[in-house]
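S.K.: Features from TrEMBL:
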TRANSMEM  102-121  transmembrane segment
TRANSMEM  165-183  transmembrane segment
TRANSMEM  204-224  transmembrane segment
DOMAIN    209-349  domain 'Peptidase S54 rhomboid'
TRANSMEM  244-262  transmembrane segment
TRANSMEM  298-317  transmembrane segment
TRANSMEM  329-347  transmembrane segment
Amino acid sequence: MAWRGWAQRGWGCGQAWAQPAGGRSCEELTAALAPPRLLGRRFNFFIQQKCGFRKAPRKVEPRRSDTGTSGEAYKRSALIPPVEETVFYPSPYPIRTLVKPLFFTVGFTGCAFGSAAIWQYESLKSRVQSYFDGIKADWLDSIRPQKEGDFRKEINKWWNNLSDGQRTVTGIIAANVFVFCLWRVPSLQRTMIRYFTSSPASKVLCSPMLLSTFSHFSLFHMAANMYVLWSFSSSIVNILGQEQFMAVYLSAGVISNFVSYVCKVATGRYGPSLGASGAIMTVLAAVCTKIPEGRLAIIFLPMFTFTAGNALKAIIAMDTAGMILGWKFFDHAAHLGGALFGIWYITYGHELIWKNREPLVKIWHEMRTNSPKKGGGSK
């Protein structure tokens, strides 16, 4: 049999090998060691096979997640959660994955500024009433007996001493702290990765563009972002007002994530991103563009000061270099997109958007005027 003879020669036990002098042949050794029922030549192949080398088992390597189109594993930043169990599948047609995020960005931004215009209209209407309500409240407090050690009174006193900007960002900071606590719940890890991290290779594309703006996995990352937001809150709210600030901040989070999507699709790096840095870069860029001669300092190095304009140039240069060179510690594309949006809005967008808000405000005013009262009839 040809196959059997090949097997014998391949394993070093066939007739091709000479019988050693003064020793036993391989067949004799096989026959001596084999059980009686396997002594026939028909079963020699199975016995002789044991005389050879055994093939080493193949080492099973762990599956790598989040690989780009180039096949290289994505190196995760220390600021994002571990995503070894979550595999991202880039689309074979990457440009198509940007269609839905583009429509979501345009639609959400329009709704944000439309809502801000209506909110400002309502605020102007109620400002006089609020003024008289404040006078009445102060008069009642003056004649009401004071309570010593009242915790609620201390909270109200602290709240009243805050600026308008600080009051506005307090809710944003609270939302970020709440989401940070959700990251610490093990049973919510998959949900948090799916909806609170943004990636163009994820199954959910649109909602994470907004939700990831309030998401931080690292305590240092969240503390640094919230400190910068708190520091610039008074200036940005004084420039834009509370209503415009909220519209700009929420829109900036979505726009910066869309820029990140475009960069990831163009470079093939589909790693997840999260954090408020893109929106905060919009705030910082807007303030530095409006007040370029303002003096800034680093928190740990207060002795070194520099102008806001120079700081903005340095940040843009660093993020541009990081995006071109592929630095992976920060999402430099999102930072750069947020900064450019802040510069554009404070230079051109503010005047453009708020000049064109009149038709929407007029429609809202007519709806409010023609709406029926609670007691019946119309005004």
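Residue 1 is the first one shown; counting continues down the chain.
Yeah, the Cβs are placed from backbone N, Cα and C, and that goes for glycine too.
TrEMBL labels come from automatic prediction, so no person has curated them.
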S.K.: Based on Cβ pairs under 8 Å, which of the stretches 102-121, 204-224, 244-262, 298-317, 329-347 lies most in contact with the transmembrane segment (165-183)?
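M.R.: So the stretch in question is 204-224.
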S.K.: Taking 3+ C-beta pairs under 8 angstroms (sequence gap of 6 or more) as contact, is the transmembrane segment (329-347) in contact with the transmembrane segment (244-262)?
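M.R.: They are in contact.
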S.K.: Determine which residues of the chain contact the transmembrane segment (244-262) at the Cβ level, with the cut-off under 8 Å and only residues 6 or more beyond its ends counted.
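M.R.: For the transmembrane segment (244-262), the nonlocal Cβ contacts are 97-98, 101-102, 104-105, 108-109, 112-113, 115-116, 119-120, 165, 168, 172, 198, 200, 205, 208-210, 212-213, 236-237, 273, 276-279, 281-283, 286, 331, 333-338, 341-342, 345, 350, 354.
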S.K.: Restricting to the same chain and to residues at least six past its boundaries, which positions have a Cβ under 8 Å from a Cβ of the transmembrane segment (204-224)?
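M.R.: Residues packing against the transmembrane segment (204-224) from afar: 78-81, 97, 100-101, 104-105, 108, 172, 175-177, 179-180, 183, 192, 194-198, 250, 253-254, 257-258, 261, 273-276, 278-279.
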S.K.: Kindly state the mean pLDDT of the domain 'Peptidase S54 rhomboid' (209-349) in the predicted structure.
M.R.: 90
